[in-house]
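The structure appears right after this line, and notes come after that.
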């Protein structure tokens, strides 16, 4: 085959291909998919740690996350950002609040997964975007249009239908949604860097986590042991499972439209729902179907409205 006059050699062709820039949107989608898949598959991982108690898993998650975050901030940011982040009493107070919220969210998620409530965790993360909308209206002065208000009303109706049908409030779902909603709200208002913020939060928790693990080891009930390297390795990896999706999410969000990220975020609770029902055989009754159906409809209306509004502005 003869060479093209514009392509005198194979090496030049290869170099030209190598220099072709990668579409940042494609890179962003891959990062976002990685984050949402890891969050969606998290129940499988934490279920594998079931011999350990939820509090022990949480403690390991905190300590190993801290070590990883120190390395990541040193590489991607500057460790001097940490003392700067704690330069005032107000910032220290905000970090104490966000630490309490993220501890509640992490701890409850682990407990729910290991006590056969994965369906409720998925419901919580379906509700979360609509909770964010409501918090934005109440605390940030954001105005909701009629479709957004209708979406919030539909989601409220869905949660209420579970209360009426099952005779109990889906407290796990509501606690997960509101704790993460307030966590995101405070971080947004305080303009907290996600990497530095997570380092500070895990650092604040580490003394308590370390004290609890030392007590378990002294009591002889710890599952982390050199005699059980498989379990020990999984507990160490819990730090990676915590930090890596956050890194991927932020890398993806930097390259994607907000509307794209908003639509992709429903991948995680969908995977969690499938895992809970199809793998672990959790109940999904007619009452659940009605509630989830109303919330899915609310999310469809809200997401479509957000997508069209974003396109109109750009």
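The backbone N, Cα and C atoms fix where each Cβ goes, and this holds for glycine too.
The feature transmembrane segment is assigned by TrEMBL to 21-42, 62-80, 92-111, 123-141, 170-186, 198-218, 230-249, 261-281, 287-308. Feature annotation from TrEMBL assigns domain 'EamA' to 28-160.
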Interface check, the transmembrane segment (21-42) with the transmembrane segment (170-186), three or more C-beta pairs under 8 A: no
The domain 'EamA' (28-160) [mean pLDDT, rounded to integer]: 92
Distant-in-sequence neighbours of the transmembrane segment (170-186), which means Cβ under 8 A and at least six residues beyond its ends: 94, 97-98, 101-102, 104-105, 108-109, 112, 117, 120-121, 123-125, 127-128, 131-132, 134-136, 139-140, 159, 162-163, 192, 291
For the domain 'EamA' (28-160), residues assigned helix / strand / coil by DSSP: 110 helix, 0 strand, 23 coil
Contact between the transmembrane segment (230-249) and the transmembrane segment (62-80) (at least 3 Cβ pairs under 8 Å, separation 6+): yes
Highest-contact recorded stretch vs the transmembrane segment (287-308), from 62-80, 92-111, 123-141, 198-218, 261-281, CB pairs under 8 Å: 123-141
When counting Cβ pairs under 8 Å to the transmembrane segment (92-111), the leader among 123-141, 198-218, 261-281: 198-218
Two-stretch contact, the transmembrane segment (261-281) and the transmembrane segment (123-141), at least three Cβ pairs under 8 Å: yes
